Structure formats: structure tokens, C-alpha cells
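Asks: Below: one structure in C-alpha cells.
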Amino acid sequence: MRRTARIMLVLLGIGLILFIALSGLFEDYLWYSDLGYSQLFWTPLISKGIIQIINGTILFTFIAGTLFSIRHAILTFVNERLRKRLRLVHEMDRPLYHLSQRKMTLWLIIISVLISFGVSFVTGFTGWLEVLTFLNATPFGQGDPIFFKDLGFYVFQLPFFITIYNAFFGPLFFLTFFTIVFYSFAGVIHFQSLLIWKKQAIEINSAARRHLALLITVLFLFKGFGCYFDTFRLLYSQHGLVLGAGYADLHATLPALKALLVLCALGVIGGGLAFFKDEVRLLTLPILAIFISIPLLSGLGPMVLQSLVVIPNELEKETPYIQNEIALTRFAYGLDQISEEDYQADQPLTSETLQKELPTLNNVRLNDPHPLLRTYTQKQGIRPYYKFYNIDMDRYWINGEYRQVMLAPREFSYQDLEKTAQTFVNLRFKYTHGFGVVASFANAVTPEGLPAFAIKDVPPTTDYQELQISQPRIYFGEMTHDWVVVNTDLKEFDYPEGKANAETRYEGKSGIKLTPFNRLMLSIKHGTLRFYLANEINSQSRILLHRNIMDRVEKLAPFLQYDDNPYLVVDEGRLKWIIDAYTVSKTFPYSSMYPERELNYIRNSVKVVVDAYDGTVDFFAVDAQDPILQTYRKIFPGVFKDLSAMPDTLQTHLRYPETLFKIQSTMLKNFHMTDPTVFYNKEDTWDIAKELFGSEPQNIAPYYSVMRLPDSEQPESVLMIPFTPSSNANNIRTNMVAWLAARMDGEHYGELILYKVPKNTEVDGPLQVESRIDQDPEISRQLALWDQKGSSVIRGDLVVLPLAGNFLYVEPIYLQSEKAGSIPEMKRVIVAYGDKIVMSETFEEALAQLFGVRLKLSPPPPANVSALAVSPMSAELKPEETEETTEETEEPVDPQEDTQALLKQIEQIREMLNQLEQQFKKITGDSVDVEGGKKADEDAHDVQTDPEGSVSSEQSKTNP
């Protein structure tokens, strides 16, 4: 009975462990199925299971075979010794015969199963993707320059073969070594001499010899397998000058690998003969030969050739291989698709050219993202638990104008709740989502130096139809790290509203239903009984898991790499995240490695869209020609939709990804040089242009801009970055030599253009402009005056703006009090052109000082939503709220009468300004060119409606 009870307890424990493990799998299955991607759950799971079974079976064969062979060899050895000592004649007289019976066999099988499937369980999860890509490989249609194999062989097949080799060679080597050591200690192998090439050096019985012969034969077979594929791995070589196979690799290492392959073949033959013939040297001599040959052939030989032949004539010997590295690296990073154009950079900017470039000037980014984030937090945080994670740049057509917009979602920060409010009910049932977004125009600043909001407040309000939000709730974002339960008996907190709080219920379709069985499995998975004890949970309740959008997509498709900067867009009233996903490889031949991400091939093949409200995820194939994506589409049919399935309204918001652009810019520093001689001599290496951050120089980050490219008629959204020559401590060069632009609108999406400054033209780089700003006596005096105790000066990012064959440099200056909770205010704008630098209160004034012309830059677009129109959110107001609103607006207001009265006042002010201007001219004898015409002040004082909803006149100042 006791034995039966123990067995039952053991079985119960095993069952409990399996049940706990399966609870996690069950939760994953429910989650994948809820999103409609069950094949992303089943395909990897089944693949891993099959691989583990195959891997475990093969390892079991090796281990069990070895253990049984060791047992047989030792028993044979001991029985022979005992028979001699006891003088037993009959062959059936075996003193240790009983040891070979059932109990030992059972224990050997148990040990073999535990070791083999234990190792398989640990390693079997890692190789599933290599197996599936091997079975579904897509050719690149281009061969490598050495072995002429399709490039897909190196991306798909070779990693699979290397995985197989690594999975079995190590365990085989260990088993062989363990067997030799065990036989030696057991006395089965007796070394008569260390000179193992002699005939009588080793004494071994026949059973042990046959066992070792079999192990060594298989080991040589695998080593030969490895040597063969090592020849192709030479195209990843990092020895010598070239990344990839160089002269020494192909003329020394490759022959050495072929020689080792021959030795392995001889080892296989020798092992086979030793199995039948009592000659130990058939085993020892091949082992000795290969141990001596590996360091001599693979190490010393290439080193000698490199030193004596290659280095004295390095350029001559390595030129064809340098060309291979340049060509394939450029292909791997998409640099071969960059079109190059000359950018003269010496064309004078006139009033006519500036007038033509108004669309570009109207979108100059004056609001710097870093101070803007603080401003959003202080002005639009509303409550301490609302946080803005970062600022997203995008563009919208607003009232017929193409405008750059800076936008940040208002997410819920659980750690900023009062400690006493961080209860289970609040964290899981009550506070479930963020609310709305804040947006402002990139170039619009109020007279107080604050951003002009395009979307603001809670609930979100806007004057623009294109930015109307009908569903502002953010259940899935960048700061939503924990699960929540929705549709409980407890209403969810929606947003703060007066003395009370607005409440809501989740109406999305996603979420796992909390059925009794699901609650049981989730309780086991999360180690809590609250799924049963909480009275708020009912039959309609759902649990929302993996709400962080990056965790969400990485769990769905871990075989893709993702951009670090997802961005939110307003799409037909809903908030949607767009995440750039990459297909990558680190086994692309002859391609230089990008170390920060361990890759040497990358394509932005996929755009992922996540709905911020219900968490639905869609994968769209934007580069359907990419062979890696084509392979994934074979493995996971139906997961990746065609780009044509993406709504047109979303396609207009697709951006060229910043991470990919950084990678390409980094690689372009060297690989813009396509001539092997120039590349070898490093004659024209570049650096990313630098700017000052505090007092230290740092690389300029790529930035989005709406501008008109050279030879283009219309403004468009581009991502750009400037380059300067490479510098060192002895030779510091910071002039600009080129700038790279990525187009992203319409049919031009993804086009890369490299604009090169002629070598005989000297153009200031950003760091030079920063130095000139510091050296300007008036500017430096004013900044030093402000940057005293009680306040601090914040210098925004320096924006380099290519403009009509020249460059304009713009840097906003912010002033912030040192008091807690203070808001950075933009007080000045520094603009540089040629050898001139000015600092003014506004961008318009700075341009007027530089060029003597006052341009009529567009303010924020006029409102196109009636102030009396019902917003989408107002339909959700409670009856009492509606009554209050009605009472407040009982008295009718005629906007036209108000506007006419204001226009009369503006006209009076205009007359006063004209009189002052005439007096000024009489005193100075100077003339002011106002757009070259008579109606400068009229243009400068056009009436506009600002984002705050009030009517104001644009303040403009005359250039003294």
C-alpha cells in the first residue's frame, strides 16, 4: 500500500506540474485565437515539438547505444579476466551474467531518456525557425561571387546545416571523450606507451574497440560535414582587411579546409576498417593527423600567407574582394537603391526663391520635441496619472494645407497613482485605459512661446475636421504593461470631469472571455484566486493581455525585428499605432555587420497596425519582393496582408522608418565609396553631422520635415540627415559634404536620394554653425544673461534645411524657470544663412533680418469645424452635462458680428502702425521692403483663428 501511495503521489505531482505548465500554453492559445492568429501559435509549437522528438530520439540513440556498448565491453572484459582467474572453460560460465539482466537495462534506458530529451528540451526550442525557413526557402535570384550559390543558400540553408552540426557534434565529441576516459579508468583500455602511432601502444578488447570505432567514424563524418560547410562560411570571415573571403581565406584557409575534409574521409574509412580489424592504429592515426593539421593548416598557413604575400601587396591582392564587400553590403542594406545628385549649395536666396519655398518655410520645425514633451506634460497632463511617453512626428492634410503635426498620446501611468489607490480592483478593473492625444503644429507658437495646440484637453477638442477623434480611449499603448479585466460589474474610469469622474464600458471585440474553465486556468497561470474571489467578474467579463504594443507584436511574430519608435495616427476618428517591422539576417555573405542589432541584411518589409482601443493587429507586406518575407508568407499563409488591403487613409501616414534610416546612414559613411582604391585608402569617409547637446557634441538624429526637394514641384514629407567628413583628433573637419533624404509620399515612398555637395564648395556643417552662434557677441551675451540663477536656457535641435540650392539653419531657444513644474517657453529663434546669423523673437522676424523681406508665413490653418457643431464625444455626455451646456449657451452669439467688430479694431491699429512707419522712415531715411509690395502690413495682420478657438491678429514687427 505504501508503495502504491508513493507512486500515486509522484504521479499526482507530475500531473500538477504539467497542468501548471499547460495553463500558460492554454492562455497563449486563447490569446492568439482571440486575435485571429492561431497559426502563429500552432506552427511554432508543433514545429518545436517535432524537432524535440527527432532531436531527442537521435540523442537517445547515441547515448543509449554508448551506455549499452560500455556495459557490454566492461562485462566482456571482466568476464574474460575472471574466467582466466577461475579457470572456467565453458563460454556460458559468466560470473557477472546476472548484471546484464532487466534491472540494469531499465536504468540505462531511463538515464538515456532523461539526458537525451532533457538536452533536446533545452536546445530544441531554438532551431525551429531555421528548420522552417530551410523547408520554405525562397531564392534571391543572385549568386555569390566565389561559389556562385544563390544568396538564399547563405540566408536559409547554411544556417540550418550549421544548426544541425552544432546540435550533434558537441554531444558526440563529449560521448566519445567520456567513453575513452571511462574505458581507461576501468582498465578496458591500457596505454602501453604514449607513442600511440606504434602498434603495441594501446591494448583494448574487441568489444570496446568496435564501440570506439563506431563513435569515431560518426565523429569524423560530422567533422567532415562541418569542414564542407565551413568553406561557405568563409564568406563571413572577419580575418584580414575584407569582411568576407579575402585573398588569404581563398588561397590558404580554403585549401586547408579541403585537406581537412580529406583527412575526415580517411578517418571514416579507418574507423570502418577498425570495426572489423583488430588494429587500433586505424583509429589513433587519423585522430592524431587531424589534431596536428587543424592548427597548422587553418591557423598557421593563412597567417604566413597573409604576412608574406598579402600585406606587402595588400591593395593589389584584395581589390576584387573589396569590390565584393562593397557590392554586397550596399545590396544588403538597400544602399544600391540610393540615387545620387549634386547639390550646388551656393545659390543665393532671394525674395523670389523664398516666396517659392513658402510651403517648406511654413513647416520648419520650431517646436523641439524635448521641451515640447515637458510642455505637454505640464499643460495637458490634466492629472498626475496621465503621462506622455514621447512625441510622434506625422503629417496631415488640414483644410487643404499639408502640415507637419507633432502628436503625443495621453496614457495612463499606474505607478503615478496614489499608493493608497493602487488596489487590485483599481489596477485591474477600474483604471483600464489612457485617454486622447495632444497635437500641435510643428511651426506654430503662441506669443507666449507655447505650442499652438491642434488637439487638446479631455475629452479631446479640435478645430479641424481631419483631427476629429470619435474613439479616444487607449487600452493598448507604450505604457500599458499589465493586464486588465473589462466588462465587469464595476464601471471603468474614463476621464476626470469636474467633481465627479466620467465612466465607461469597454465595447471592443478583443479580449479573452472569463468562462469558469478559463478562470481556473488563468488562476493557475497567474498564481492568484482573485479570478474566482472577485465579485465584480461576470459571464461577460474579458481579460486584456499583452497590452503593451511592442510586447504584443513581438509575441505574435518574434521572427521579425521591430522599430524602437512606434507612432500614433488619427485615422477616421480612431487612434491607431503604426509599427515598422524588419526582415533581417546576420548570415548574408560579404556584408558588413551592423553591431548594434547584430545583422548584416535588413528590409522594412512589414508595417504593423495596432488599434489603440481594441488591440486588433494587422500585418501588411510593404516589400512583397523581399525573399525573407516571401519565405515567412509560405510558413504562415494568411498572416501578412497585401499593402493594397490597407485603407488609403492609413497609407497616407506611412513613414520611412527612423531606425532603418539610421542604420543605412551609418553604413553609408563608408559604403558611399564604390571605388575599391578609394575605399581601401579611406580617402572619403564620412561622419554623421554633429550638433551641440549642452556643451557636448552629439550626432544629429534623423528628422522628419515637410519640404520641396530639388527638381520637385510639390512639398512632401521626407526624412533627412546631413553628413560631414570623417574627423580625428589631428584633423577636425565639420563642413557639410552631403545630405540623405528618404521620400515617403505616394508613389515615391521609400525612394532614397543622396545630395552631394561639390568638393570645391565649402558649406558650414551644423557644428560650425553652433560654434558661430556661441561666438556671436550679441547672441552669446543674451543667452548668458538669461542662463543665470533662477532660469535656464534650453537650445533646441539645430534643424538643417536645404532650400533652393542653399542651406538655412534654424535653432529655437527656450527659457525655463528653475522652479518645479515650470514650462519651457520659446523666446527666440536663431536662423543662420551663409555667413549671417540672427536671433529674433519669431521665425518671420529672423527671415526679415536676414533677407530684408517680410514673408507671409501661414499661421495654423483656419478652423473648419463649427464651434457650435456637436463633437463626437459630446454625444456621450450625460443628460445633466447636456443641460449645463445648454444653460451656458442660451444667449445667441453671432460670430460674424464679433469678427467684424474685431476687424474694425485691427484696421485702427493698422493705421497707427502705418503712421509710426512713416515717422520711422523720416528719422532713418531707410525703406522697408515688405514682400516687395504695398500691402505688407495687410498680409502681416490677416485675421486668423488660433487653436485656442479665439480670434487674434498675427503680430508682426518691422525690421529696424
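Cβ coordinates are placed from backbone N, Cα and C, and glycine is handled just like the others.
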Asks: Which of these ranges is annotated transmembrane segment in Swiss-Prot: 105-125, 798-818?
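Replies: Feature transmembrane segment in Swiss-Prot: residues 105-125.
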Asks: Can you work out which residues elsewhere in the same chain, 6+ from the ends of the transmembrane segment (105-125), have a Cβ less than 8 Å from its Cβ atoms?
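Replies: Sequence-distant neighbours of the transmembrane segment (105-125): 48, 51-53, 55-57, 59-60, 62-64, 67-68, 71, 167, 171.
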Asks: Using Cβ atoms and a strict cutoff of less than 8 Å, what residues sit near the transmembrane segment (256-276) while being 6 or more residues removed from its termini?
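Replies: Residues packing against the transmembrane segment (256-276) from afar: 209-210, 212-214, 216-217, 220-221, 223-224, 227-228, 230-231, 234, 282-283, 285-287, 289-290, 293-294, 297-298, 301-302.
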Asks: Report the listed stretch (7-27, 169-189, 212-232) having the maximum count of Cβ pairs within less than 8 Å of the transmembrane segment (50-70).
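Replies: By Cβ pairs under 8 Å, 169-189 leads among 7-27, 169-189, 212-232.
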Asks: Take the transmembrane segment (169-189) and find every residue of the same chain, 6 or more past its ends, with a Cβ under 8 Å from one of its Cβ atoms.
Replies: 59, 62-63, 66, 69-70, 73-74, 77, 119, 202-205, 208, 211-212, 215-216, 218-219, 222-223, 226
